[in-house]
Structure formats: structure tokens, C-alpha cells
Amino acid sequence: MKTPIVTDTTLRDGSHAVSHSFTPEFVGQIVNRLAEAKVPVIEVSHGSGLGGSTIQQGFSTHDEWLLIEQAVANKKDSKVASLFVPGIGTRPEILKAAEYGVDILRVAVHCTEADVSQQYFEQAKKSGLGTVGFLMMSHTQPPEALAKQAKLMESYGADCVYVVDSAGALVPESVRERVSALKDALSINVGFHAHNNLGLAIGNTVAALEAGADQIDGTLRGLGAGVGNAPTEVLVAVLNKMKIDTGINLTILMDTAEELVAPVFQYPNVIDRDNLASGYAGVYNSFLLHVREAAAHFNINPVAIIEELGRRGAVAGQEDWILDVALELQQKELVK
Ligand SMILES: CC[C@H](O)CC(=O)C(=O)O
Ligand SMILES: [Mn+2]
């Protein structure tokens, strides 16, 4: 098996789990340690990507450009990536990312909407950035349909396209099928991004590697949306056991996860009822905190909201549906 490129996205996916409260100092410290450990790519931005600090996605406590500035100042030989969701981010943010020294733009769209990414890939390339496509909620589409969307991203200038298990709803066989379909269809790299709702983040990432994935994601201690991601330190330990040498220093990752990341958790990333219900119903993990807030406000069971969002097929960016669903459920309760 070949050595994958590891991206650590603690400082982006993890942003969802701490209500977008990372400080510039924290980002500087974490990037410094990840770079010292020789993690090739470090992702930093609001959890919903550049420009994500809004009422809909959740306001950040600190300007993300101050976070990016710290990341770039501490990156050493690593590359800094930022996520970009078309519509949440706009073209000026791509220009600014390039000016600030970001190396890679990861353009994330719902997995049937690759066509909205064209102008952003083209701009990123023009601005000299490396480019990654993120096909979110990949469990909702069969492998052939995903491969078609990935092919579009390749034609727009993506250097790599990821199968993104946003809801943590995939099992190893369904990961293998999707990664293989992309590998067969593309001549660029294929990546895999896991969430742990079914306890399979590491297992699914190994399945992706077995199917030929070239790039994989992790977060320190698994800090990420909902129940979180594949812990980067565990991934590196597993890869070492599999005799795949990433060149990444495991001790530094373990120490950083324990000493710096564990203390910032706002809730434990265990597969509790809400997180399992989310993975089982195929609901986007970044909805978790919004769902819990609405459930508490309207005094209803969060699982009822999650299941209804699953039935309606809510996708990233539809956070406003959570309140609608909660209100409707509460009204139904009142008329019973
Ligand atoms: C809207 C960004 C989103 O959190 C991307 C991601 O990490 C995922 O879909 O899992
Ligand atoms: Mn994610």
C-alpha cells in the first residue's frame, strides 16, 4: 500500500465542536506542533469554510484571518489548507487566502452539485493554490454518480477529490466501492474524510486506503463536527502497524492531542444517542450543536429532530431547517 498524504483538520472540522472559538494563540501552538511532527497538510478556517462566521453557520469568536496568519507563521515545511464552500465563501476570500499564504483550497459541495464549484477551482488555480474537491454527504449517492461528480471537479482543475462521509454513515464496503469508483474514473488523487458515528472512522479510512486512496484526513483526539473524525494520532499509529511509513512523529501527535487538544473539548466525543442517531439517519454532523440547542429550547427529543432531518434529506447549509423542524414537532406535540 502506498503512503497517503495526511491532512490534519483539527483546526477546521474541530472548529464545529468548539462553537468556532479557536484563538490565534491556540492555532499557532497546534500548527507549530503538527508541523514539527511533519504532518504534510494542516487545514485552518471556520468549520464551514472561509467566510463561515455568520448567524446561519455560527459566529466565530476570533477573525479567521488572524487564525490563518498564525497558521502560516508556524507551518514550517507543512502546507496550510482552507476549506471553501461556494456561497458561504465568495471569490474575494480566495484572493485573500492566497495573499495570506494559504497553499491549498479545499472546495466543498453537496455531492450532487459539483457544477457550482467550477469558477472557484478556476480562481484558486489562477491564484496559484493547490486544489481539492470535497464531495460532502457521499453516502447519499451511488459510486457511479459520485465518480461523475468527481470527474467534473477534475475537469475544473481539482488536484484531488475526496469522498466525504459527512454523516459518518458509510461502512467499509461502501467506502471501498466509492473510493474504487473514483480511482477508476480519475487520473488525479482520491481522498477520504471520515466521521465516527458508527465507530468506523479508522476502519473506514483503512478501507479507503485498501481501495487505493491517496489522501486521508484526521483530527487530533478526533475533535470534529458531531462525534468527530478519525483521530490523526490513532491513524498514524495504525499506519505504522501496517508498515506504512508516513514520516509523521507519533509521539508529538500523542502529546499534542493529550496536552493541548483534550482540554478544549466542550462535550465528550462518545457515540451517544444523538450521534448514533445522526449516523444511522445519515444526517450531517455539523448540525449536532444546532439540533441540541433547538431541542432544549423547544423541549423536544433531539433524536426526533435528527430523524426528521434525515427523512427530509437536509444537506450542508440548511441549518435553518433545524428550527423549522423543531417548531413543527413542538406544534404537533401541542395539538395531540
Ligand atoms: C461545510 C463543511 C463541512 O463541515 C465539511 C466536512 O468536513 C464534512 O462534510 O464532513
Ligand atoms: Mn467533516
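Placed from the backbone N, Cα and C atoms, the Cβ positions cover glycine too.
Per TrEMBL, the candidate among Asp13, Asp63 that belongs to the Mn(2+) site alongside His193, His195 is Asp13. The Cβ centroid of Arg12, Asp13, Ser166, His193, Tyr284 marks the substrate site; residues of that chain outside this set whose Cβ lies within 8 Å of it are Thr9, His16, Gly47, Ala108, Phe134, Met136, Val164, His195, Gly224, Ala225, Asn229, Asn285, Ser286, given in sequence order.
The Cβ of His195 (Mn(2+) binding site) has Asp165, Ser166, Ala167, Gly168, Ala201, Gly224, Ala225, Gly226, Val227, Gly228, Asn229, Gly279, Asn285 as same-chain neighbours under 8 Å, each 6 or more residues away in sequence. Tyr284 (substrate binding site) sits 12 Å from His16 (active site, proton acceptor), taking the Cα positions as reference. Proximity to ligand 2 (Cβ under 6 Å from any of its atoms) holds for none of the recorded positions Arg12, His16, Tyr284.
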